[in-house]
Amino acid sequence: MSRRLIRTLGTSFSARNIRKDALSTHFSPAPHLSPSESPANPYRLHTIVVPNPSPTPPQPPTSTIDPSEVAKFSRLAESWWDPDGPSRLLHLMNGARVGWIRETVTRNMPERLVGRGLEGVRVLDVGCGGGFLSEALARLGAHVVGVDAARENVQVATAHALKDPSLRRADGTCLIDYRNTTAESLLDQGEKFDVVCAMEILEHVADAAHFIQMCSGLLKPSSLLLVSTISRTPLSYLVTVLLAEHLLRFVEPGTHDYEKYCTPEELTGMMAKAGVMEVERRGVMWNPIAGRWEVGDGSAWTTGANYFMAGKSDELGV
């Protein structure tokens, strides 16, 4: 019967060219038999090839959160403020980050500053962690909103800030607006900022381009997106994975995923597609003799591992 069936369909089939999910089977009366002539079982198997439906076009991701990364940094929550703990390098880098942010804001949007430091500027710290950067920017007078997808991090950041009288309001609440939320949620709520800081987070998100798009959408017109991340080069692998994780044990093994690193050129392209133009690029290097991070120029050598990049939205906003 199988040979007759194949001849009836007029097609040559084999196990290799028939997909299981492309077949539907049903039973129907044999067309050459009348009801009176039908045998006791007047049904035979017919196989109909159903064409594959058109593939569904890929949908943009609804979130840039990588659950494994959130879990990883949630486990570090209690050690965020230990200067000799897993976040040691971030403690040491914070001075360089804050100095660069202050200088970049002063150079590119001096009209927003109304007093000392960063007074008058509304800043978003995306992926704030334990609050290193948020606290430093708040002490410079900025109105800081710090967000993190890990609830434990927000709790640690809030508790630590409340220990400092300068970061407490008269009613005892935290001067820094810490929230357990995401950039996507802020965008949905229509929030806007003078400065969006994405420091040491780009290499931990699920989709870097989509993340930059979300951050750019949070900018007011003529505002700054400031990014600190790691380039994808042999040098960065040597420094951040082999040395920092496995030989010197500055950070926990597995902290970094080399495949998620982003070159300056790639980041510039992501920003441009999001309506933000690069205005500054600086390399950041660890000086083992001085025991500190130093901000260099924007040459290929200095940006071969860690680097800072600033992008500015246009006058009409993103």
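In case you wondered, yes, glycine gets a Cβ from its N, Cα and C as well.
Binding of S-adenosyl-L-methionine is annotated in TrEMBL for R97, D148, M199; the matching candidate from G117, G120, G127 at the same site is G127.
Annotation note: H204 (Mg(2+) binding site) sits in a helical segment as assigned by DSSP.
The two recorded residues, R97 (S-adenosyl-L-methionine binding site) and E203 (Mg(2+) binding site), have Cα atoms 17 Å apart. When secondary structure is read from DSSP and collapsed to three states, R97 (S-adenosyl-L-methionine binding site) falls in the helix class. Cα of H204 (Mg(2+) binding site) to Cα of G127 (S-adenosyl-L-methionine binding site): a distance of 10 Å. Each of the binding-site residues D148, E200, E203 was ranked by the number of other C-beta atoms within 10 Å, and first place falls to D148.
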